[in-house]
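**Q** Next up is a structure, given as structure tokens.
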Amino acid sequence: MKTYKIDLQQYFILIVLFELGSAILVGLGMNAGRDAWIAILFGMFAGMILFAGYVFLYKQFPEMSLTQYIQVLFGKYVGKFFGFCYMLYFLYLASRVLRDFGSLLLSAVFVQTPIIVVNTLMVATIVYVLKLGFEVLARTGEIFFGLVGLVGTTLAVLVLSADLMEYNYLLPIFGDGVIPVLKAAFPVTPTFPFGEMIVFTMLLPYLKVKNKNNALKVGLLGMGVSGIVLSTTIAMDIAVLGGHVATHVYFPLLAAVAKINLGEFIQRLDALVVFTLIIGGFFKVAVFLYVSVKAAQDVFGVKEETTIIGPIGVVVILSSIAIASNYVEHINEGLNIVPQFIHIPFQVVLPAIFIIVFLIRKKQLKHFASSSSS
Amino acid sequence: MRNRRKRPIIKTHKKLSDMIADKKSGESSSLQTKSVASEVQIRAFNDKQQPVKVGELSPALHINVDRIKHRLGNPTDLIVREFEFELEQKVTATLIFLEEMNDTQLLSEFILEPLMNLTSEKQSSPVPINHALHYIKQNALALGRVLDVETEDELLEALLAGLSVLLVEGNTKGLKMGTNGGKMRNIEEPTSEVVIRGPKEAFTESIKTNISLIRRKLRSPDLRIEKFIVGDITRTDLAIVYMDNIVNPLIVKEIKERIEQVKTDGLLETGQLEEFIQDETVTVFPQLMSTERPDVVIGNILEGRVGIIVNGTPFSLIAPTQFIQFFQSSEDYYMRYDISTFLRLLRFSVFIISLIAPSIYIALTTFHQAMIPTTLLFGIAAQREGVPFPAIAEALVMEITFEILREAGIRMPRAVGVAVSIVGALVLGQAAVQAGLVSPAMVIVVGITAVASFAIPSFAVATSARLLRFPLMIISSVFGFYGLTLALIVIVAHLTSLRSFGIPYLSPFAPIQTQDLKDSLFRFPVTHLFKRPEKLAKKNATRTLPYEVKKKREEETTR
């Protein structure tokens, strides 16, 4: 079967959908209080630096994914061990995001439904789409990108026209100085969602060869767009709800949109937001799931990726329930444990080691790298 | 070999003509035995020569005639007209045709009359009998389409295709002549694709008429029409039409290959062909567009698509097809662009409505009551108070009732149709509400869905919405908008995975093709539609000269 290549447009859209997927939902950088939106911008720049590192590795091995070139860098066994770790990491992330969405749906709509049912439905859809191929995921993204954009713009216009925003809530900027903002921004905000761009180290080889040189530019553009959207959204949440409320609500966006009430007719639009978020969540979980499948394929030497999509989907469903016993625990883990002990090693430390090892072994690998890029 | 055969054949002819005279007086029931006997005799004559090969035409006239009669089972509409004409000497000839498929006036005026009036005086030099066929083809037959027939199978095929065949004693060839006639439906107005503005002619069942309808409007030397014969028994004529200087040759090659691979006994309608040549079988979406309008076919040919015409049906196919084409009507290009764009958007929304309107009602009333404005919510709640069923049951009952009525309405004779609509109005209307079976809001939803499904210009894609509606209703009754959203993702993913002859089904939306978007859900003014669809027409992509260029040229010429 011919492997499918995505073009720059699809690459850009995947990045934006992926970045916004779940990040737009939770209160990001809320430790910084009303300056959360600035913390996000800081996080975005840090994330961009990380991404530049990932693209550097990709350019050295343009036709290989992360789990393939670490086997070149470290040899088969150590490489496979690292690959296995990354597979677990991606699986964990898939489960986390799935849990986020399951919880959101339970709290917003299906109060009495068990979470496993909601999650299973989502994973079943993802497995179906992924079995049709990565190409189909990329193209479906193109269709829904337009739709999500339309809904997002409508909501923004409605919030503006409903005169809900109180700009004073955002003032004073840097009221407590820059330090608390930086403290809030690091290390949490760069790692989620911008550091999660690590998954694109697995997907960059799908880029069309002629677009290789634009990988960094378009990637940064995608991150920039999603960073600005995120920052604006959070700023809007704070302006509508006030800094104090916004930091203490689980889903600030839902709370803000729920306030829209135009002429007693256009109201309770949070269901519309949920609809948009389902699409974002779908793409985020789908990308994580697909990346874990690719990693597993490299580590275990599976020939056809379609054979393991289903089983890995089941693993994700089960682990999404097993990772936390309730939502408070889940969020607490996500804010306090995961960034320091999971995100940073996998997003920063290990890639840095890979780059160092590459630079040391450059001469040895020269022959290999030149043959693979030709 | 021919030279050697010459003389004995003439001898044979002389003796045989006597025997034929005998046979004429004989009863037709004794035909079989006599033909066997004469076959033996001709063997005797030919013994020294080469025996007549099976399937080839024999120089002896009556042997051929007998064989044909035998193979066709001597049907009543087979006319065998024997006559003589004069060259060097009297020559016997036979005109064979199937009565109802030929124009008898043509036959008598342009074949029998000139031949029977032939006299030896007109000829400058004597014509030997084995050149008779060639001679009369050149001098006597006042018809355009006259071709040689060499084998018996070819002869039969010509007869069955409605041609007439002329055999001349002593010749191992025959002539088939295009005297097709018989009753055909006239060119009428299209019934399934009615437009207010635009040509009012539709294809008919005859492939010849259909090709002529296309040729008349598309006078380009680059128009290619290639014929195929499909169906082992029906031997149906099939033609593909395309513009050689526009179309992507790979697509034509693919279409030809797929048509050639069709092995079946009969082909009666393009719908059957569609199932044979489509890319994906397990789908509810039509992958080829069918139309009965010549202008639609021509418009698509100009975009670089290929038209497939099948004899015996007024519906021709267009390949490759994109999903968006089902929401376009030929009229869009004849009306102003603003109203066309509006109508296209309307049709697309109508498709969405007919797909998910009942599901949204179910999801709203079952899960998301909070989304309904409060006053309306009270109204709906009050209506539903007396209804014992959940929304899904209500919706399913009403939708299925509607489907039944619709099917009944289509198949009913017109006289009974009135009764069906009266009863239908009762079942789907006030009576059902008063009986407490359904709520009035549900009646409105079903009504809107029904009207919406009729507003989609293409019947084929309306069918997909009709089929998908039921699973969507069920999933939204279980999971509300969440289920509905996921189901829509599945549908969109399925659509993006489809391809029609290698062209993505959802293009120009996924993958996005910016140029082609101008003529998709929107129709830009014609002066802005410079390019043909990107993936279809690689050779000759420019369609309209940009307006500025034209203007500039005009200015230059006027100066």
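Backbone N, Cα and C atoms are what each Cβ position is placed from, and that goes for glycine too.
Positions annotated as transmembrane segment by TrEMBL: A:12-30, A:36-57, A:69-92, A:104-130, A:142-164, A:184-206, A:218-251, A:271-296, A:308-328, A:340-360.
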**Q** Hey, would you say the transmembrane segment (A:36-57) packs against the transmembrane segment (A:142-164), going by three or more CB pairs under 8 A that are 6+ residues apart?
**A** no
**Q** Please report, as numbers and ranges, the same-chain residues at least 6 past the borders of the transmembrane segment (A:69-92) whose CB is under 8 Å from any CB of it.
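**A** For the transmembrane segment (A:69-92), the list is 57, 60-61, 199, 202, 288, 291-292, 295-296, 298-299, 312, 315-316, 319, 323, 342, 346, 350, 354, 357-358, 361, 365, 368.
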**Q** Under a criterion of three or more Cβ pairs within a distance under 8 Å and sequence separation of at least 6, are the transmembrane segment (A:142-164) and the transmembrane segment (A:308-328) in contact?
**A** no
**Q** Short question: most Cβ pairs under 8 Å with the transmembrane segment (A:308-328), which of A:12-30, A:104-130, A:184-206, A:271-296?
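**A** The stretch with the most contacts is A:104-130.
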**Q** Give the nonlocal contacts of the transmembrane segment (A:12-30) in its own chain as ranges (CB under 8 Å, at least six residues past its ends).
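**A** The answer is 6, 36-37, 39-40, 43, 97, 100-101, 104, 137-138, 141-142, 144-145, 148, 184-185, 188-189, 192-194, 196-197, 199-200, 203, 218-219, 221-223, 225-227, 229-230, 233-234, 237, 246-247, 249-254, 277, 279-281, 283-285, 287, 331, 334.
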**Q** Thinking of Cβ pairs under 8 Å, which stretch from A:184-206, A:271-296, A:340-360 has the most of them with the transmembrane segment (A:104-130)?
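**A** Looking only at A:184-206, A:271-296, A:340-360, the most contacts with the transmembrane segment (A:104-130) come from A:271-296.
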**Q** Same chain only, please: residues at least 6 beyond the ends of the transmembrane segment (A:271-296) with a C-beta under 8 Å from a C-beta of the stretch. Say none if there are none.
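**A** Residues 14, 17-18, 20-22, 24-25, 65-67, 83, 86-87, 90-91, 93-94, 97-98, 100-101, 104-105, 108-109, 122-123, 125-127, 129-130, 134, 137, 141, 144, 147-148, 151-152, 155, 199, 202-203, 253-254, 257, 302, 305, 308-309, 312-313, 316 contact the transmembrane segment (A:271-296) from elsewhere in the chain.
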